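Written below as structure tokens is the structure these notes are about.
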Amino acid sequence: MAATAAAAAAAPPADPPDSSPAASSPPRPSPEELVARAVAPVKPAFLRPPLSATPPKDEGKANGGGAVVAEKKSKRQLKRERKQEQKSSSHLCIEVGKSGNVSSCKYGDSCRFSHDIDAYLAQKPADLEGTCPFTNLDQLCPYGLTCRFLGTHKDIHAASGNLSEKHEINALNKDIQKLLWKNKYKFPKASAQIKLLGLKEVIKSKPDAANDDKKVNHDNLDGNDDENKEPLCNPPVNAECDSTLCEELDRSEGEPLIDNSIPCVEPRPTKKSKVESDEIDKHGAGTLNTNTESEDPNLSNGLEPSNNSSSCRTDLITTPHLREKKIIDFREKLYLAPLTTVGNLPFRRLCKTLGADITCGEMAMCTNLLQGQASEWALLRRHSSEDLFGVQICGAYPDTVARTVELVDNECSVDFIDINMGCPIDIVVNKGAGSSLLTKPMRIKSIVQAASTVTEKPLTVKVRTAFFEGRNRADSIVSDIYDWGASAITVHGRSRQQRYSKLADWDYIYQCAQKAPDQLHVVGNGDVFSFTDWNKHVSGCSKISTSMIARGALIKPWIFTEVKEQRHWDITSGERFNILKDFVSFGLEHWGSDSKGVETTRYFLLEWLSYTCRYIPVGLLDVIPQRLNWRPPSYCGRDDLETLMISDSAADWIRISEMLLGKVPEGFTFTPKHKSNAYDRAENG
């Protein structure tokens, strides 16, 4: 022991361990290893230490609000505050604001809003930088004194009759809304077709709608009628079913609330109606005598009679054959997917400027449209630049969907109507709509047959691979859906249960396309994030007409330019900022240039920025193109603006919005509606 200690003491001292960063840190994985682990291979020069994992207390707040939780107010308090706020000087009457003349309001002293112009101008916030979007269009601003760009107006006291020209269509007519509120809008085609298919229509349009013309045109549109308490339409039920099966309706969506103790009976057509349905499948036309006088649908709905000699007759319903319908060629066209919340009209208009060919509105619920809800009808708005435009609807029952299709066909200008049978969110699935229809193929058949025969416009269907993971069902309906009446089908390569936890299954999409008839357009959907992805998926199967672009367009809307020019665009922060400017300009033109319109534009801009922050510039990557499932490391941009744009902090998104729309109101907070940062977990609906 002593000898060992002496030898150790005599030995020279060991070199101290190297404490340099290069020696202490593990070797950096290669780009190939990072890609295999679904980590974005950012160049080492742009990497930086990760920030604190705990978000600051003022995350998503403009002015770093305190820790005190505000007490929740009752509905009575909120209503009282709304009334007081309406009478405040900050809420100037719309008509007075347009013309700058107090006497222009027809309600006079009984108006609910303020008529004090001097008080309004005294408390009005300072004008925003820039010019009024309507001035740039050489048009008079419809917001007059309330515009946040008032100083740039050429004539602030112009007559309201010379206001800006409308570039948007499909607005809800007030007379039509009144008929929908009273459940007096007639659906002759849908009612006849539902009866022809052997499905029972319990609630029908109220009679004597034609005699209510004066009432429709002169009554106030408050919707507080006794008739509005009744449901618009009931689900189709078998004539042999108990009539108490569907007594109650959910007021929020109008769908049936069936007692779980009673088994739900799928509607089955009678033998006679089955023969008639087969005749429709073979010949594309059906005739039904209802022993009622023929009438103009406009006249029956209390409107001006139509001059069209080919108006619909309720005693003779002739359903158009598929060959007689307008044909839309989807082949190799750039299709912007319908996107909830962020797929609004200004965003679609922006994508059109960047190269999109086909656009589709946000998903609208059938029952809400039939009830005349203005917020739902706003989803059907179309801009004049959208030359190939469709609307997407979602419903659970044949009669509801058929009525909605007939309503849209009569009142809106669209090129095609899409039925969403792939929506995965719970509030839709729990009502029997969306992806839950994949478990009911006979219901799908009834919906498509009923809807396709009430319109001459092409009908398309959007589905997922399946409802449950590993139980693919889409291929079982692709071969028949054309015979039922659909012109195209979009297959999203994920199941409802899977959501975004894995990459889209394009092999299964190709399998579905191989089973489709030649006349049916098959559109693929899932994980298209570059022009190479689009080329690969469209050329991977000759029966794939095109590929729908969804999240890829949200993260980088210039993907349409990349596909058309066949290049990876290393876009600069300045070019991206100009795109944001265009969106803000389109938003102010759509939602308004007053204070309310500015804040609405800000909200949708922030929702969109929660997606664009996922984009990694091409010049920062060792491997291109970027993939949707790549998780970005902590990195910085090539300049301060690019670094700000790649931040996933809501406070930084608010800072960007302030660069475009001025300071946010005091106490402003923002929380994204969608979890856009879902990379490998089933979070994002």
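The backbone N, Cα and C atoms fix where each Cβ goes, glycine too.
The compositional bias 'Low complexity' annotation in Swiss-Prot covers 1-12.
If you look up Swiss-Prot, you'll see 1-91 (among others) marked as region 'Disordered'.
Here Swiss-Prot flags 13-29 as compositional bias 'Pro residues'.
Feature annotation from Swiss-Prot assigns zinc finger to 87-118.
Feature annotation from Swiss-Prot assigns compositional bias 'Basic and acidic residues' to 209-221 (among others).
Among the features that Swiss-Prot reports, region 'Disordered' is placed at 209-234 (among others).
Sequence annotations record features per position, and here Swiss-Prot assigns region 'Disordered' to 257-314 (among others).
Marked as compositional bias 'Basic and acidic residues' by Swiss-Prot: 273-284 (among others).
Swiss-Prot lists 287-314 with the feature compositional bias 'Polar residues'.
For the recorded site, Asn525 (FMN binding site), the DSSP three-state label reads strand. The annotation FMN binding site is assigned in Swiss-Prot to Pro338, Leu339, Thr340, Gln392, Lys462, His492, Asn525, Gly526, Asp527, Ala550, Arg551.
Residue density at Cys423 (active site, proton donor): 22 other Cβ atoms are found within 10 A of its Cβ, drawing on all protein chains shown. Under the heading active site, proton donor, Swiss-Prot lists Cys423.
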Between Asn525 (FMN binding site) and Cys423 (active site, proton donor), what is the CA-CA distance rounded to a whole number of Å?
13
Among Lys462, Arg551, the most crowded of the binding-site residues [Cβ within 10 Å]:
Lys462
DSSP-derived helix, strand and coil totals, residue by residue, for the zinc finger (87-118):
15 helix, 2 strand, 15 coil
Write out the long-range same-chain contacts of Thr340 (FMN binding site), meaning residues 6 or more apart in sequence whose Cβ is under 8 Å from its Cβ.
Glu362, Met363, His674
For Arg551 (FMN binding site) and Cys423 (active site, proton donor), what Cα-Cα distance in Å is obtained after rounding to a whole number?
15
For Asp527 (FMN binding site), list the number of other Cβ atoms lying within 10 Å of its Cβ atom.
22
Provide, as an integer number of angstrom, the distance between the C-alpha atoms of Pro338 (FMN binding site) and Cys423 (active site, proton donor).
11
Hey, how far is Cys423 (active site, proton donor) from Asp527 (FMN binding site), Cα to Cα, in Å?
17
Can you give the largest Cα to Cα distance in Å, as a whole number, for the residues Pro338, Leu339, Thr340, Gln392, Lys462, His492, Asn525, Gly526, Asp527, Ala550, Arg551 that bind FMN in the record?
21
